[in-house]
């Protein structure tokens with residue numbers, strides 16, 4: 001029974017990590033209407049920035065973490081300036097296809113620059129797990145979960161309550177209408193990518209803390225994709241619930257069902273949930289329901 | 001537009017694909033050169049042509065699904081994989097002739113694609129693209145985790161060569177004729193499909209699905225059909241691939257391969273069958289150059305090892321997709337059409 005509860009708690013915490021990475025998808029979508037397929041590559045670039053500032057440059061964590069976040073924001077801004085600004089006014093289809101191109105472009109660049117070697121990642125969060133009676137809770141996931149919830153509450157307040165957040169929401173509704181109302185579509189998309197890159201870097205720190213770093217870590221982007229869709233692409237607060245549900249489902253499948261069937265069903269459970277939710281409720285749990293009038 | 005002096009006088013002649021005598025002549029010369037290719041060029045080039053023709057079948061399918069019907073499809077490699085696995089299992093376990101396995105491979109892939117296309121009844125827009133990514137992951141999961149006696153697991157499956165009346169398609173040039181015949185049929189079929197009522201429905205749904213629905217088009221069924229046809233082409237291409245490589249493994253059908261096919265139709269031009277063929281030609285040449293040059297560079301930059309080909313291909317093709325979307329989203333075919341009409345109306349500006 002203790003193990004069962006422990007599995008549920010660990011699963012929920014992993015789910016919160018997915019939520020944090022998924023928040024990158026949602027923030028970019030919420031402010032620009034572009035679905036960013038290259039989210040996992042942003043995570044891995046964030047990971048390499050952190051690795052570079054701590055392990056290569058040898059800075060202390062207190063200095064390197066803020067510096068990494070600033071650098072990641074700059075990378076996000078650069079990507080937006082080079083690839084997406086030029087497409088404002090084109091169809092959203094073009095923008096999405098560009099992010100598909102970015103997915104393989106960034107993957108290739110990371111491989112070319114850093115190579116396939118496995119690197120140690122700095123220990124950002126204490127390695128020692130938290131013991132709660134007989135239960136064992138990984139420290140990095142616990143702190144990560146708290147960061148995720150704080151970030152979700154903060155960003156959700158920003159997008160739903162503040163003036164500039166609502167402006168970005170208008171951009172996500174319709175580029176042309178937003179810009180004719182005097183809202184800067186360009187500025188909104190730039191902020192979105194900076195935020196998306198910073199969130200991805202935080203995600204990389206939690207995910208990789210004390211582990212090893214290779215370019216394959218970007219797979220977390222696709223693991224987080226079902227969470228974003230389950231919550232609905234517009235809802236930041238909903239990510240928490242969706243992440244916890246998917247994390248628990250995955251953890252229980254991995255621990256109890258997989259030994260029975262002898263496969264790794266756990267890795268596709270999020271996708272099965274995603275397909276089911278898309279069929280039953282295409283906008284996700286908390287997504288906007290758009291009404292089409294003709 | 002047509003050159004001066006060519007006026008269609010009936011609906012039939014207006015729908016013609018080959019409109020002038022020169023076009024007919026060019027087509028005949030092109031086909032004749034292709035047919036004679038095994039006698040004209042080295043076997044290395046024949047091998048490249050084989051890959052190009054198989055990619056052409058798959059890219060034409062993707063063109064119908066994405067270029068004509070406007071449905072983003074990031075699972076074309078998975079559909080190709082379903083076809084390749086079907087053909088290789090049928091060929092290695094039941095010994096069916098390739099005359100049957102290739103169409104059956106297409107049908108099984110079409111069924112798989114149709115299942116994901118069916119979600120179109122509920123899902124609109126980009127959500128639909130995401131189900132194709134799910135298709136990619138489920139395909140991998142199924143192959144790697146089902147009992148390895150079914151699909152070969154991570155070991156893959158070895159495929160016996162195609163055989164007809166005692167003639168075995170083993171050499172590059174004999175496989176060339178097999179691929180040529182199938183590719184010619186599939187491409188000709190594609191020209192037919194996009195001119196038919198289905199093709200017109202695809203274009204209508206792509207341009208505005210609400211308006212298309214009002215005009216009486218069943219939008220969900222049309223989208224599902226687009227996936228069905230696209231996946232059928234991918235399945236046939238996959239079967240040809242299985243007979244060419246004579247081995248199928250799950251690593252040959254990843255998300256990256258799907259994106260390479262997307263790159264082909266973006267370079268060639270969305271919404272044009274000829275564009276898809278041009279895109280295949282250009283991207284395959286780029287891939288061939290990287291695969292040849294890569295190992296030489298790898299010798300001098302040793303820490304990358306064998307990954308340089310994969311990395312270089314991703315950088316170049318990702319860059320190509322982004323560049324084309326920014327500079328010429330309509331592709332090379334659009335440029336060619338501008339050039340063609342401007343020399344036809346020369347010296348007048350329009």
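Any Cβ shown, glycine's included, is placed from N, Cα and C.
Note that TrEMBL annotation is computational and uncurated.
What TrEMBL records for A:12-29 (among others) is transmembrane segment.
Per TrEMBL, the feature transmembrane segment maps to A:34-53 (among others).
The transmembrane segment annotation in TrEMBL covers A:59-79 (among others). A Cβ distance under 8 Å defines the sequence-distant neighbours of the transmembrane segment (A:59-79), meaning residues of its chain 6+ beyond its ends; these are 42, 45-46, 49-50, 53, 102, 122, 124, 190, 193-198, 200-202, 205.
According to TrEMBL, the transmembrane segment annotation covers A:91-115 (among others).
Through the fold, the transmembrane segment (A:135-159) approaches residues 2, 5-6, 9-10, 12-14, 16-17, 19-20, 23, 27, 30-31, 124-129, 165-166, 168-169, 195, 199, 202, 206-207, 209-210, 236-237, 239-240, 243 of its own chain, all at least 6 residues removed from its boundaries and within a Cβ separation under 8 Å. Summarising the annotation, TrEMBL assigns transmembrane segment to A:135-159 (among others).
The transmembrane segment feature in TrEMBL is assigned to A:189-208 (among others).
The transmembrane segment annotation in TrEMBL covers A:220-248 (among others).
The transmembrane segment annotation in TrEMBL covers A:260-280 (among others). For the transmembrane segment (A:260-280), the residues of the chain that approach it from at least six positions outside its boundaries are 18, 223, 225-227, 229-230, 245-246, 249-251, 253-254, judged by C-beta separation under 8 angstroms.
When each of the listed stretches A:12-29, A:91-115, A:220-248 is scored by C-beta pairs under 8 angstroms to the transmembrane segment (A:189-208), A:12-29 comes out highest. Within its own chain, the transmembrane segment (A:12-29) has Cβ neighbours under 8 Å at 35-36, 39-40, 42-43, 137-138, 141-142, 144-145, 147-149, 151-152, 155, 172, 192-193, 195-197, 199-200, 202-203, 206-207, 220-221, 223-225, 227-228, 231, 233-236, 239-240, 242-248, 250-251, 270, counting only residues six or more beyond its boundaries.
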